[in-house]
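Here's what Swiss-Prot has on this protein:
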- 133-196: ATP binding site (BINDING)
- Gln276, Glu288: Mg(2+) 1 binding site (BINDING)
- Glu288, Asn290: Mg(2+) 2 binding site (BINDING)
- Glu288, Asn290: Mn(2+) 2 binding site (BINDING)
- 106-318: domain 'ATP-grasp' (DOMAIN)
Amino acid sequence: MKVLVVGTGAREHAIADALKDDVELYCYMSKVNPGISKIAEFAQGDEGEIEKVAKFAVDNNIDIAFIGPEAPLGKGIVDELEKNGISCVGPSQSAARIETDKSFMRKLFEDYDIEGSLVYKVFDNYDDVSAFLDDFDRDVVVKPVGLTGGKGVKIVGDHLKDNQEAKEYSKEVIDNAMGGFTQVIIEERLIGEEFTIQAFCDGTHLAPMPAAQDHPHAFEGDVGAITGGMGSYSDKGGLLPFLSQDDYDEAVKIMEATLKAIAKEAEPYKGILYGQFMLTADGPKLIEYNARFGDPEAMNVLPLLKTPLADVCQAIVDGNLDKVEFNDKASVCKYIVPDGYPETSHAGETIEVDEKTIEDLGAKVFYAAVGLEDDEIHLSGSRALGIVASGDSIEEAEKIAEKACACIKGNVYHRSDVGTTDLVNKRVEHMKEILN
């Protein structure tokens, strides 16, 4: 079977790595990923030029295309590939609105009475935002309606001082058509612990993966700018230390109800559904959906797959997805980034990656925003690579990952607290306080 992975980051490297032993592997990427280029035939080009991607797939007799990033999904890459006879792991443009149009997602919850929603309003002018916030006596979250690479959301009490600043940021979002819409969503701020559940979907059935928790803040202690994610962990048993089986099951039910609603409102959803939840005193609440794997969370779950990913892909396109099995391990992912990220890029600087020692430690490296030139790896400004380790406990996996992070030399930084016992316990205690 010939499988094409579309995308160039660490998420796509993890997807390719999970497929490499069972398929003839191809990749279409905007820049050469040093890890993917070793294991796949590839073409370099803009992943958003969907006709060119489809031509590459047809020319190489691709059986299944696996779409990594959100931007091509929003442009209709799946529709274009399927028009050319290529089956896809990824939703159609219409179904991908679950991520690309947050107002569509919230309205879906409203229209189909799906549990786990929250107070929200969509606005297209500043005066209405101002009037609403004058009467709203709780902190809020301000979100552009469309895609902003995970960096457009601002929270009162974190990035914004008060609801007055929320008004000003809302005006900026509308005036600049941030995310491609002249609209803004205002949501109530939830108090709790965030967690992620990702699931394989075949249009009808949903096979959930182990839960994970991301760490979006740039610096240790959960401070600094919100990034695409500085690392994440998952636990043995598929839950998290603060997440019960009942809460996990409730979140999965919300995702199943969403899957049914998308099929009625748009088209059957095939691919990966990523649910970002907040565990609150009232149970799990849906923060947002992504129409693809999370980055970094893909790196937690894909190395734990027991069922071959190639078999899962075939089941998704055939519509007969059943239970997907994972090895019962914990995992920790730590992102290596340019020192001072996200304000400083160190673009063009060389880093050294001792892949052999990382492998000998039992960890994996997944490359992201780096370039390869004359066998040297260069930073290109954003998150550089993910280091992932698994173990019988989060503590064991974290220690391996931390040792492996020392195998990267250069002007780089990582959050050494991701997955540590102290930080995990802080999450557990926070949840206990909320529930009591």
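In case you wondered, yes, glycine gets a Cβ from its N, Cα and C as well.
Keep in mind that what you see is a predicted model, and the values were worked out from it rather than measured.
On the 0 to 100 pLDDT scale, the model's mean across the domain 'ATP-grasp' (106-318) is 96. DSSP classifies Leu133 (ATP binding site) as helix under the three-state reduction.
Cα of Gly149 (ATP binding site) to Cα of Gln276 (Mg(2+) 1 binding site): a distance of 15 Å. In terms of C-alpha distance, the listed binding-site residues Gln276, Glu288, Asn290 place Glu288 closest to Glu165 (ATP binding site). Of the listed binding-site residues, namely Glu165, Glu288, the sparsest Cβ surroundings within 10 Å are found at Glu165. Among the binding-site residues listed here, namely Gln276, Glu288, Asn290, Glu288 has its C-alpha nearest to that of Leu133 (ATP binding site).
Across the structure, Arg189 (ATP binding site) and Gln276 (Mg(2+) 1 binding site) place their CA atoms 14 angstrom apart.
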